[in-house]
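Accompanying notes for the structure given below.
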Amino acid sequence: MINLRKTHPLMKIINHSFIDLPAPSNISAWWNFGSLLGICLVIQILTGLFLAMHYTSDTLTAFSSVAHICRDVNYGWLIRNLHANGASMFFMCLFLHVGRGIYYGSYLYKETWNIGVMLLLTVTATAFVGYVLPWGQMSFWGATVTTNLFSAIPYIGQTLVEWAWGGFSVDKATLTRFFALHFLLPFVIAGLTLVHLTFLHETGSNNPLGIPSDCDKIPFHPYYSIKDILGLMFLLLVLLSLALFSPDLLGDPDNFSPANPLNTPPHIKPEWYFLFAYAILRSIPNKLGGVLALLASILILLVIPFLHTANQRSMMFRPISQTLFWILTANLITLTWIGGQPVEQPFIIIGQPASILYFPLIHHPMPSAGLFENYMPKPKW
């Protein structure tokens with residue numbers, strides 16, 4: 001009897017993507033985050049769908065509808081906590097996934113990498129419009145400050161801001177369109193994910209050594225499907241611990257107050273996963289310069305494939321590049337910390353050098369280190 005999963009038109013696609021997919025035999029747990037991101041996306045879409053059934057995108061009732069979900073809807077508190085903390089887990093997996101791509105040279109699959117950067121931008125936009133929906137103080141002022149950045153664009157800036165707002169300030173029209181975008185964009189992300197996977201399966205996965213592995217591949221199932229389930233257990237453990245024991249740990253206390261245009265919070269800050277870019281924005285005194293640096297902080301990822309100069313793909317046996325990578329990681333953690341602090345000394349004087357260091361770390365030392373490592377003495381076995 002012919003195996004149905006290998007002949008059926010639909011099951012054949014699933015089989016080639018998740019069951020009989022040839023995978024390198026030596027990929028480590030760092031390759032787990034792709035599947036975890038897919039699971040995070042499914043969790044966010046499902047919990048978001050149930051939240052959308054009870055949420056009202058009106059400035060007068062949005063805040064109270066979120067309170068109603070938490071108090072009156074069966075397990076509404078759990079769905080909301082899973083959705084809010086699920087976003088944090090999503091970004092944690094996303095940053096680790098990108099970091100693994102840089103460390104092991106996966107960016108040399110240019111199409112897959114570029115689609116990945118598009119995915120990162122789309123997820124960032126989705127998270128931003130979603131943060132506005134509870135219509136608390138930080139939601140309102142975060143939306144006002146962030147959308148106002150478009151006014152730095154010469155000539156068309158102010159028109160663009162008013163077009164985004166749907167009026168002359170952040171109001172009902174803004175909330176309605178942000179809700180529509182927040183509902184729609186996850187499905188765009190799902191579509192881009194399929195494109196990302198299509199390009200990945202054209203080349204096959206990279207591996208820690210960064211060498212071709214066509215001669216030594218194993219089927220994805222059961223080897224890596226079981227391995228991914230272990231990662232999923234860890235993800236669910238952290239997510240449920242957050243959602244059940246400390247649901248507001250990563251949130252902002254100001255968001256427990258309804259939005260008030262007449263009262264500005266003492267310190268406006270976005271969610272933790274935007275803080276590194278927010279710190280770079282704040283470190284530059286010029287508004288247009290800050291906006292350009294904010295965009296460049298993510299778009300610089302598109303340049304990385306063209307800066308690869310080493311003979312070896314992976315950083316596994318490149319000690320100088322490894323050192324620079326971990327300096328960059330420490331720099332990003334510093335920027336995340338600074339972004340959450342008020343604009344005062346000593347945070348200003350720490351944030352500015354960290355912001356200045358971020359771009360040259362990627363642009364100059366990494367290609368130079370690659371060239372230098374090509375001529376390092378090789379061990380004689």
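Even glycines carry a Cβ here, placed using N, Cα and C.
A quick note: this is a predicted structure, and the numbers were derived from the prediction, not measured.
Under the heading transmembrane segment, Swiss-Prot lists 33-53, 77-98, 113-133, 178-198, 226-246, 288-308, 320-340, 347-367. The heme b b562 binding site annotation in Swiss-Prot covers HIS83, HIS182. Per Swiss-Prot, heme b b566 binding site is recorded for HIS97, HIS196. Swiss-Prot lists HIS201 with the feature ubiquinone binding site, giving similarity to another entry as the kind of evidence.
Structure coloured by features recorded in Swiss-Prot.
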| residue | record | DSSP (3 states) |
| --- | --- | --- |
| HIS83 | heme b b562 binding site | helix |
| HIS97 | heme b b566 binding site | helix |
| HIS182 | heme b b562 binding site | helix |
| HIS196 | heme b b566 binding site | helix |
| HIS201 | ubiquinone binding site | helix |
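Least packed by the Cβ count within 10 Å, out of the binding-site residues HIS83, HIS182, HIS201, is HIS201. Listed in sequence order, the residues of the same chain lying 6 or more apart from HIS97 (heme b b566 binding site) and placing their CB within less than 8 Å of its CB are PHE33, GLY34, LEU37, GLY116. Taking a C-beta cut-off of under 8 Å and a sequence gap of six or more, HIS196 (heme b b566 binding site) has these contacts in its own chain: THR112, ILE115, GLY116, LEU119.
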